[in-house]
There are 6 protein chains.
Amino acid sequence: MSQDHPSGLSHLDSAGAARMVDVSAKDVSARTATATGKVLLSAETVAALRGEGVPKGDALAVARLAGIQGAKRTPDLVPLCHPIAIHGVDVGLEVVDEGVLISATVRTADRTGVEMEALTCVTTAALGLVDMVKAIDPEAVVTEVRVEEKTGGKTGDWRRSQ
Amino acid sequence: MSQDHPSGLSHLDSAGAARMVDVSAKDVSARTATATGKVLLSAETVAALRGEGVPKGDALAVARLAGIQGAKRTPDLVPLCHPIAIHGVDVGLEVVDEGVLISATVRTADRTGVEMEALTCVTTAALGLVDMVKAIDPEAVVTEVRVEEKTGGKTGDWRRSQ
Amino acid sequence: MSQDHPSGLSHLDSAGAARMVDVSAKDVSARTATATGKVLLSAETVAALRGEGVPKGDALAVARLAGIQGAKRTPDLVPLCHPIAIHGVDVGLEVVDEGVLISATVRTADRTGVEMEALTCVTTAALGLVDMVKAIDPEAVVTEVRVEEKTGGKTGDWRRSQ
Amino acid sequence: MSQDHPSGLSHLDSAGAARMVDVSAKDVSARTATATGKVLLSAETVAALRGEGVPKGDALAVARLAGIQGAKRTPDLVPLCHPIAIHGVDVGLEVVDEGVLISATVRTADRTGVEMEALTCVTTAALGLVDMVKAIDPEAVVTEVRVEEKTGGKTGDWRRSQ
Amino acid sequence: MSQDHPSGLSHLDSAGAARMVDVSAKDVSARTATATGKVLLSAETVAALRGEGVPKGDALAVARLAGIQGAKRTPDLVPLCHPIAIHGVDVGLEVVDEGVLISATVRTADRTGVEMEALTCVTTAALGLVDMVKAIDPEAVVTEVRVEEKTGGKTGDWRRSQ
Amino acid sequence: MSQDHPSGLSHLDSAGAARMVDVSAKDVSARTATATGKVLLSAETVAALRGEGVPKGDALAVARLAGIQGAKRTPDLVPLCHPIAIHGVDVGLEVVDEGVLISATVRTADRTGVEMEALTCVTTAALGLVDMVKAIDPEAVVTEVRVEEKTGGKTGDWRRSQ
């Protein structure tokens, strides 16, 4: 494969052209990644999601499934991502006063890390949730989406510093 | 179609079950939506994207295309979104000191608004960008993704208040 | 376009070759189709879905969303189906003693009927449900999937005779 | 990963929330699954499929390919299915007096069973066939879709009891 | 929408950034496009496709369906293509001494032309065919894929000059 | 699995029916395939792609990404292709006087070769490029798309003879 870009951007070759980096020589190993994010919502929407005074519905289930299915679509969405075998996905949704906290853990036994899958899971869960509430809360905001932790692979475990 | 959920969550019926709301009686009309978001990056990454001292590469083009293609995948990603005809997408990417500002405008002449398409465009552009830089900037954060403005449709024009 | 096959199979030309039939001259009109089906389950599984003695979970919501999303994927799954604008989907799931009754109504304002979309909705809801219960009920059966009723279009309303 | 739901529904955690079960610790092993189903058709349609008096066309080939391609789309359609490597698919279609008998065998060397892939293969083949004949046979019924047999994996071989 | 690129490349804005051009103000009108191409094959392969001495099989049907389904996937494959409603597809395959001649006509009543859909149809039919024969003909070549003719739309009818 | 077709077309069984060939018993091994092709363009278009007198834009980046993403979509497009893990993709685009030369190398460590992925990569890159230039060059031609070389797998290395 072609040489790396001097900037350190690994998905570019020395001339700056995009490529899918060769990982065929990497070992298959167990890897996980956890990402988190928030959807900021109005007090009225938070009450609706908590089912205050009304039957609780499928809104959170829709967001959870959007996240799980979004994780599977990562190589369709992120142009230079490798198609990899996702072996487990857990999505956590917690309704708090300011909105909904989302966390996602993705597991694989494959040749690359799954942080993009975890981030895609959080963002698609967030999009699924915003779609459910947008009629009553057009000012919803998706925010602070980030990788918290990775395990496995050659570079070993990593945890966010801040 | 079944009655609405008392919470005002339009994608739930009166029992709380998810459904795709019937829009077949709505008029086809020109509509637009604009959404924005940010990717917070390290100073080193910002320098690499600006091409300081190295050839500028495809990184921003990858993010832009991820956004445009993501907008087209909205009904695949957001479970209750209608598949609609997208008639135009513009993605703006501005490299600033703290990272990259993303804005997306989606246009259609169809029966529903395109705010979910605009939000999906911003988030997939952001994911595409994070993937490009993650080797040198694992702490990148996608933040403040939100609808800024909508035009057209029966409810008329709307602009974010804050 | 080429002539029709003498058998009356409209998706074949006179030589028997598959084609996507030209509908560009058909009128856009409001159309609906309703299909139904059943998933036959063990008594133990029916009890689990009813939440007898245990917290009710997302199982039926998963099946409902699989159905709605499956309806949107119809042109990907059925080779000669036209990609059409789906404008509304309702999925009904009723837990009965022998299993789960599924019904789906799909609405559009487009140039072709939506009976394939309604059938695809029922079958993907059924597949989603079988997947949820297969660990405890490997003998689940999907059965009697069929169109019940159509409205709209040039041929007018139709209702199953038996 | 979170604890299992008390109902035994393995895709739900202890609180009833949907998740993709972690299989990363399972062994890669050769597995097969066979599913069957029927499409009930009118005598006129059966004659057309048999090519009585008219040239036989692509109708069965369309159904067969719909089935093979449907098997590949299983993780897109069944929300909590793992994306797995399908290593072989055989679809059998037999025209009988009451309609068409469908059988599908899916093979893999991966970490999970392929019964959902076999069921999806049968149902998409059935949908492809119904679409071909619906102009002359709107009362076609897809019925008795079920897993017949599985081999491989930790739980070993399984064959339907009834 | 942003201004056009001085080069006349309509999918680039004045700064050279990719965009999906706004077509929401264009009229819905009937349009067609026809494209052709060739797959060059060995004499042995041509004999196999003609069924000389052996039962003719599904090989050409596979190519035809790959083409029809490929036409539907155009907006997934061509980054800046609008998702449009395809209303009819005819694929012609003629086995000649040097290989297979492919032609495809795509019809729509929508806001943009369908020449990319016709080209995608020809190339995916060609890929489907090459896949069928590659075990006996690894030197197969896909060649001379081009638009022959377009009708409809504001620019009117066009026919290839050479 | 069923017996092979006497024609040597490996994707057909003895009766001529299409099937996905069983590869579950094949070894996982490192494999590569390289394919090439050309897009013939007008002199005006070549000048625009070279950026003569105007700012160079994203046109080649769009083609490159279309190719990389197309390689990932191969099992969606080619009906009997196995879904396989792509581990690396390099797309080369060279602007020459007669148009653009495209080459693609795909790498995997899996059970089947990747020549269809390399061919799909070249053709989707070509389609992406034609779409960019079609407003100024409607007579563009995609031509001479072919496999040049394969390495790895049981049959060993292969290089085109002509």
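Every residue gets a Cβ built from N, Cα and C, even glycine.
Keep in mind that what you see is a predicted model, and the values were worked out from it rather than measured.
Feature annotations, courtesy of TrEMBL:
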type     : residues                                      : note
DOMAIN   : C:20-153                                      : domain 'Molybdopterin cofactor biosynthesis C (MoaC)'
BINDING  : C:Leu80, C:Cys81, C:His82, C:Met116, C:Glu117 : substrate binding site
ACT_SITE : C:Asp131                                      : active site
Specify the count of other C-beta atoms within 10 Å of the C-beta of C:His82 (substrate binding site). 23
Using a 10 Å radius on the Cβ of C:Cys81 (substrate binding site), the other Cβ atoms enclosed count 23
Per DSSP, what is the residue count of the domain 'Molybdopterin cofactor biosynthesis C (MoaC)' (C:20-153) in each of helix, strand and coil? 45 helix, 45 strand, 44 coil
Give me the Cα-Cα distance between C:Leu80 (substrate binding site) and the residue listed as 'active site', rounded to a whole Å. 27
Those recorded positions in C:Leu80, C:His82, C:Asp131 passing the chain E Cβ proximity test, under 8 Å, are C:Leu80, C:His82
What's the CA-CA gap between C:Glu117 (substrate binding site) and C:Asp131 (active site) in angstrom, rounded? 21
Out of C:Cys81, C:His82, C:Met116, which of these binding-site residues is nearest C:Asp131 (active site) by C-alpha distance? C:Met116
The largest Cα to Cα distance in Å among the residues C:Leu80, C:Cys81, C:His82, C:Met116, C:Glu117, listed in the record as binding substrate, is 13
Near the Cβ of C:Met116 (substrate binding site), how many other Cβ atoms are there if near means within 10 Å? 27
Around the Cβ of C:Leu80 (substrate binding site), how many other Cβ atoms lie within 10 Å? Please give the count over every shown protein chain. 24
If we take C:Leu80, C:His82, C:Met116, C:Glu117 as the binding-site residues, which have a Cβ under 8 Å from chain D? C:Leu80, C:Met116
Average model confidence [pLDDT] within the domain 'Molybdopterin cofactor biosynthesis C (MoaC)' (C:20-153): 95
